[in-house]
Amino acid sequence: MARWRRIVALGGGAWGTALANLAARAGAEDVALWTRDAAHVAEMTATGVNARRLPGIPLHSALRPTTDLGVVAEADLILAVVPSQSLRGVLEQIQSTLPTPTPLILCCKGIEHETGLFMSEVAADVLGDQPVAVLSGPSFAEDVARGKPTAVTLAAYDGALAAALVEALAAPWFRLYHTHDVRGVEIGGAAKNVLAIANGIAAGRDLGASAGAALIARGFAELCRFGRAFGVEMGTLAGLSGLGDLVLTCGSAQSRNYSFGHALGRGTSINDARANIGLVEGFFTCGILNDLARAKGVDMPIAQAVEAVLAERMGVDEAIATLLARPSKAELAGF
């Protein structure tokens, strides 16, 4: 663990806090948890708890909240745990300070709305040849913070780097598998948020458990078709960062994407649902995911139905009826 003595987690949310605690527990001597909110930093420093985002979980003694982005200059490892649409701005702020050999683990899931770039592409666009890895998989911050068994995937094009980075976050209850299939891991993490909105809508509309299971299975087929168009490994999509994350996100009220869809299914307006739930990554990813699918000639009817609802081209009931009216076909057609 001596290799990762100084770690910086960019993002003071629940997931950033949980990962910062893991890094401290894994042996890092100094873990800086950065957020731009000075009042939030003062609260965490005074109480030893991130009461706003992860209440009831003590901060490790090696963890120090800060608003100073200059801490990245001395870091051995950076965890980027900010919303996907904010990643570029944060990386631009640290670009001149970040030492070139310092690895960056991207812990956000999505596609940049304005450019259609995946998170690793955003990092490359801003930072050039900085070593980058991606962390994704079925995980809720509270589960990890409370020591509940969780398994995730860490991907880097450099397989040796991926294997080495595992030790920075490993814990008896937090198991990391590594891979070189960065794009496959990113696709799973981005697409599942959109599909979870569909499952939430179905649950909110009280369509039943059978409909929910069908949406997961057919959503996974869409995920696989999309991934194949990008040349990713099917085993990655069938693993933790693909199917695993899809199942978790599509079946739990802890998921903001699922909860957002559930609210829409209950008749809540899009604006009210967003205001009540907070950041919904799938809301921002949906349009660009479908744009990429259309550009690649990939059929994604569930994702397209969600897009139509979010763009207010269709109501919830019309979108459901449209999916149910699709012609019957062989189950594995196009899979």
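Using the three backbone atoms N, Cα and C, a Cβ is placed for every residue, glycine included.
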In Swiss-Prot, the NADPH site includes TRP15, ARG36, ALA141, ARG256, LEU279, GLU281. Which of LYS109, LYS296, LYS329 does it also list there?
LYS109
Co-listed sn-glycerol 3-phosphate-binding residue [Swiss-Prot; alongside LYS109, GLY137, SER139, LYS192, SER255, ARG256, ASN257] among ASP129, ASP245
ASP245
Closest of SER139, LYS192, SER255 to TRP15 (NADPH binding site), Cα positions, recorded positions only
SER139
As a whole number of Å, the Cα atom of GLU281 (NADPH binding site) is distant from the Cα atom of SER255 (sn-glycerol 3-phosphate binding site) by 10
If you draw a 10 Å sphere on the Cβ of GLU281 (NADPH binding site), how many other Cβ atoms land inside?
25
Pairwise Cα distance maximum in Å, sn-glycerol 3-phosphate-binding residues per record: LYS109, GLY137, SER139, LYS192, ASP245, SER255, ARG256, ASN257
16
